[in-house]
């Protein structure tokens, strides 16, 4: 990439924000054009999040031009839109390594750069963290400013409004920039709104506003009348401000987020303003690349592609369906015979394989937005009313609704089926997205049934079993990736807590939970070991475990979940309760957060491929 930078002469001068701030304001438009083209060239050659970054080029340039980063705090919610930020903060030469093993982190990451003040990956955390930093800045008294950039999608989460409510109450100096890239909040964009924003953020308006407050001090009736008059006039011109004003924020906008010089002008004014401020900008996701502008969802995260062609290559190199597709097909088939099936997702329709269901059964489908807590309790209400809710959710996002799983579903023994996608090693999105903990945090919940399919057919059978289980909640946990090509059998309800012996061996028994069964078969053959597809993490097949402990010299548990508290821990606990003294090796994910890389790279490094599993067992037996 260093050889190519000469094609971008203005960007070449802005390797970091200090150099960026030396550029004349007139050159910022050229800088934005070059930055957008550089981003297109880079991501198309390496893969990564794409459309969001194209939409925040002007905002990123304006923020680093106006604010004294890294002294001032700029926080990016989620982080999909932060590639331009990384490029402008000294990481331009490494941007092609993003999301790769030992490369740049896919999201802003504190360990990577002093400009990344908050590590992110999950949605809607920016305002809470930003408010904490703003309060700390008040204590410091050194003039540090804090800015939070949050998208209109992330603003749908309850946590964002909790933070807005608190910020409006305590009145700390905080700027929240609402990056509205769906036109979902307002279409009032244009010269009038941009001009109004400049007036409302200008020093003259602020002086008049403050002077009027002082003049009316001690005259509460006139003060309240003036306040209402100002709000009514403002709401006529800017109809969206009411909600944020009621929360205690001074609302400005909406303004054109692609007018970099206008943004610089407004941000310079707002940097001097006191109290909580909300700037509403309108941007276009995928800006500057026509295919991404037309279909920003498809171009949200992309593999390598040829920009000249304008089409993404077909990614599924396997002939077998993904587990998400297996779930989606099962869901559609189940809904044809049951009108009380209700499918729920927290803003992951495509990722969870639900697009076809949403189109075929719109009355039985609910996308509740980025609101995992609400999704689970919404499902509880449906279950109480006699419906059969299925919550499709990524493992890493179910963490956000843990109290609701316990308090609103499990305690009441409600028949909610959790279809947990992306269990285990997920890959390129790194620490925040690995599905490492679900078996551990669900296994301790009373009344919960937990199933781990070893292949796509077993996934279907377990979804069918969970759907027809009426004595409490159930969970089917499956990985990101493709099946292995097994034939489908007729759907049937599996006996609860019963495993299958896949291979009878001697001395060692391998108890496998999930899709590592393919690797385990090779290992079992090498050691002449008994191999068991455990199927159920809860309830365990304790009768079979009893037999294996008595008839074998050692047991090995295998899972793609944290070893601490996982399925293997459940086996250990049972053996100890029964005072069955047999050596057990628990193989799974280690006690640290797993960084980004391909699934194959990570499994090899963690010794969860067949060679690595054999090595772990050999070393253990040799002790």
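Placement of Cβ uses the backbone N, Cα and C atoms for every residue, glycine included.
The thiamine diphosphate site recorded in Swiss-Prot comprises 80, 121, 122, 123, 153, 154, 289, 372 together with one of 102, 181, 269, 319, namely 181. Within its own chain, residue 122 (thiamine diphosphate binding site) has 78, 396, 397, 400, 432 as residues 6 or more apart in sequence whose C-beta sits under 8 angstroms from its own. Across the structure, residue 181 (thiamine diphosphate binding site) and residue 152 (Mg(2+) binding site) are spaced 7 Å apart at their Cα atoms. Comparing the binding-site residues 152, 372 on other C-beta atoms within 10 angstroms of each C-beta gives the minimum for 152.
Taking the Cβ of residue 80 (thiamine diphosphate binding site) as centre and 10 Å as the limit, one finds 27 other Cβ atoms among all the protein chains shown. Maximum C-alpha to C-alpha distance over the listed thiamine diphosphate-binding residues 80, 121, 122, 123, 153, 154, 181, 289, 372 is 32 Å. When other Cβ atoms within 10 Å of the Cβ of residue 153 (thiamine diphosphate binding site) are tallied across all protein chains shown, the result is 22.
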